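Take this structure, written in structure tokens, and hold onto it; I'll ask about it next.
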Amino acid sequence: MLRTIFLLSLLFALSNASVQDFCVANLKRAETPAGYPCIRPIHVKATDFVFSGLGTPGNTTNIINAAVTPAFAAQFPGLNGLGLSTARLDLAPKGVIPMHTHPGASEVLFVLTGSITAGFVSSANAVYVQTLKPGQVMVFPQGLLHFQINAGKSSASAVVTFNSANPGLQILDFALFANSLPTELVVGTTFLDATTVKKLKGVLGGTG
């Protein structure tokens, strides 16, 4: 009996792509917590398993001088159900991917061009920082605050891969200053003065 229960629990934990060979996303249907519904295998094409978008640099003309080009199931249907996602990072000079977390996934960063200083902070507040060159890889454990900064004078780029179809994203600065949390509460919980908080809210579009 216990063996049967164990086997059933494993089956329920499997994704569609584990039960089947693959589950190419049907983008005409709504996404669910388990991903997109599968299109029928007879309609699957080789191009469903190919994504070309990571070969084009993103637009870095913005406040962080950086761009993220995602390759999730919505852009790359062949990834659906595989528990993977990927993206391209482009960092102009002085570009930064601010402190952020991915609650649902660990991340691997592979530097393509330029020089990138990257790091993360552990739950014990230990800091791990490294300047990476092309061909080097760094891993960021699930849920930990981490960042990437262009460490050179020219543009830099990288590819990141996640062990989840939905890694989630929360940017620390946006969480604090790009919402309607009252200034006095931000002051009380961050030890910043009200002038600084209001300035940051103004820059990031927050209110309160």
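For all residues, glycine too, the Cβ spot is worked out from N, Cα and C.
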Where Swiss-Prot marks N-linked glycosylation site, which residue is it, choosing among N16, N59?
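Annotation hit in Swiss-Prot: N59.
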With DSSP helix as H/G/I and strand as E/B, how many residues of the domain 'Cupin type-1' (52-198) fall in helix, strand and coil?
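Its residues divide into 25 helix, 57 strand, 65 coil.
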Relative to the Cβ position of C38 (disulfide bond), how many further Cβ atoms are located within 10 Å?
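Excluding its own Cβ, C38 (disulfide bond) sees 20 Cβ atoms within 10 Å.
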In which DSSP state, out of helix, strand and coil, do we find C38 (disulfide bond)?
strand
State the Cα to Cα distance, in Å, between H146 (Mn(2+) binding site) and C38 (disulfide bond), rounded to an integer.
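Per the Cα atoms, H146 (Mn(2+) binding site) and C38 (disulfide bond) stand 34 Å apart.
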Under 8 Å Cβ-Cβ from H100 (Mn(2+) binding site), six or more apart in the same chain: what's there?
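The list for H100 (Mn(2+) binding site) reads L145, H146, F147, L169, Q170, I171, L172, given in order along the sequence.
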Express the distance between the Cα positions of C38 (disulfide bond) and H102 (Mn(2+) binding site) as a whole number of Å.
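Rounded to a whole number, the Cα-Cα distance is 26 Å.
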